[in-house]
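Asker: A single structure is presented below for examination.
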């Protein structure tokens, strides 16, 4: 009995020692070798176990081989799960200062620049230029507040800032406004391209397009067919880029083409000035009655539309290699665009005077009275049509992103779903194409979008975020500026809507 008990005690002791040895020495080795083996970090645990324990299944293709030099040591900082390289690729912060300036400048200098000379006709040259500078300063203030509240709330997009301040309803309202604004603006882009290439009619006068002037009137240079070909061959390929930084070269070329338009317009104006064929422009508005006073406010939505870029700032900030440079990027872009706007408005109105059309490009099919005037007309019109084609994807990017967020708020990122990306892109391109063929007047589109969604995106929402002040960082200056921006935006656009409705009524009832 004692012998059996002694034997049992000895076996128990040996078994206990074996368990301790296994737990302390063997288990960690097996765990590190089978579970976190660096040899097959892209495979599952089960597959790694099979590769190690089954020599017959250890054969791998050349694509999966890893040399000893390429293996990374395992330590406490090694990730437990494999990295998603697709997500890392799109989250990489590698955009330069210059590329970011070009992208923001391209967001600003779009179709709005073509309507600015018409605002000089309403306001006069002096007051008009002053208003351009005033709106630029106001825009810088709204962007500064928006970025500051984004930083403190750790928000990566405009929608997240709105959600941080006003919940899901705030983000939803912003997304709807961006859809309305960007769809309207892209429709205007197509309208201008159609005006340039296929011609337009205004007040009973037909202004021939470039293609019509070169080849005569044919079915293939008609407005609808030209816009269809442009959509398929130009807009669709440019809309396929999934990173805004990928558009940096096209943005740089777009800004260069806008400068080409400005230089040629200035050159023509200077030549005609020395020839004595330029009439001294009005510096102040022509105010004769209360109706003319009310009409002054109709240009405010056009000015606001000309500087809008708020929906792209966060995307550019997220891709910028040094996020501390985002404010200098914004300020540089606004300064560059202000110079281009002022010079374009000045020379455009000086050149055409009270004959300036709502879309000043349509003026460039008249006899300029200078040598090679016809050739310069065509160069100006084609260069800016190309400019708008290159600007198109910069505004299409946030439009697609916000529509996806509105329809699929819980889905994985759009850039990782090619099917969803393609379907949304095709649907939006079709919508813009159809809209451009049924809204022929650029002025009406600008007044509608400017009087509704655009001022909300550019001024009312940033001001409301500052007044909400969830994080307690708003200064007294911020709150005063916010109240002023909201009051100015609401008042000016109420007047603009009233003026548009009154003008439409008078047009339909001329004898009343």
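Placed from the backbone N, Cα and C atoms, the Cβ positions cover glycine too.
TrEMBL annotations: computationally assigned, not manually curated.
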Asker: Quick one: which of 20-51, 52-83 does TrEMBL have down as region 'Disordered'?
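Answerer: Going through 20-51, 52-83 one by one, TrEMBL flags 52-83 as region 'Disordered'.
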Asker: In TrEMBL, one of 334-353, 354-373 is tagged transmembrane segment. Which stretch would that be?
Answerer: 334-353
Asker: Excluding the flanking five residues on each side, which residues at least 6 beyond the ends of the transmembrane segment (122-143) place their CB within less than 8 Å of a CB in that stretch?
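Answerer: Distant Cβ neighbours of the transmembrane segment (122-143) are 116, 281-286, 295-296, 298-299, 303-304, 306-310, 313, 330-331, 334, 337-338, 341-342, 345-346, 349-350, 458-459, 462-463, 481, 485.
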Asker: Given pairs 6 or more apart, does the transmembrane segment (293-313) have at least three Cβ pairs under 8 Å with the transmembrane segment (172-193)?
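Answerer: Stretch pair touches.
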Asker: The transmembrane segment (172-193) vs the transmembrane segment (253-273): three or more C-beta pairs under 8 Å (separation of 6 or more)?
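Answerer: Stretch pair does not touch.
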Asker: Let me spell it out: take the transmembrane segment (419-439), skip the flanking residues so only those 6+ beyond its ends count, and list any with a Cβ under 8 Å from a Cβ in it.
Answerer: 183, 186-187, 190-191, 194, 223-224, 227-228, 231, 235-236, 239-240, 242, 396, 399-400, 403-404, 407-408, 411, 445
Asker: Below 8 Å between Cβ atoms, which of the listed ranges 97-116, 224-241, 253-273, 382-399, 479-498 makes the most pairs with the transmembrane segment (334-353)?
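Answerer: By Cβ pairs under 8 Å, 253-273 leads among 97-116, 224-241, 253-273, 382-399, 479-498.
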Asker: Can you see whether the transmembrane segment (97-116) and the transmembrane segment (479-498) are touching - at least 3 CB pairs under 8 angstroms, only pairs 6 or more apart in sequence?
Answerer: no
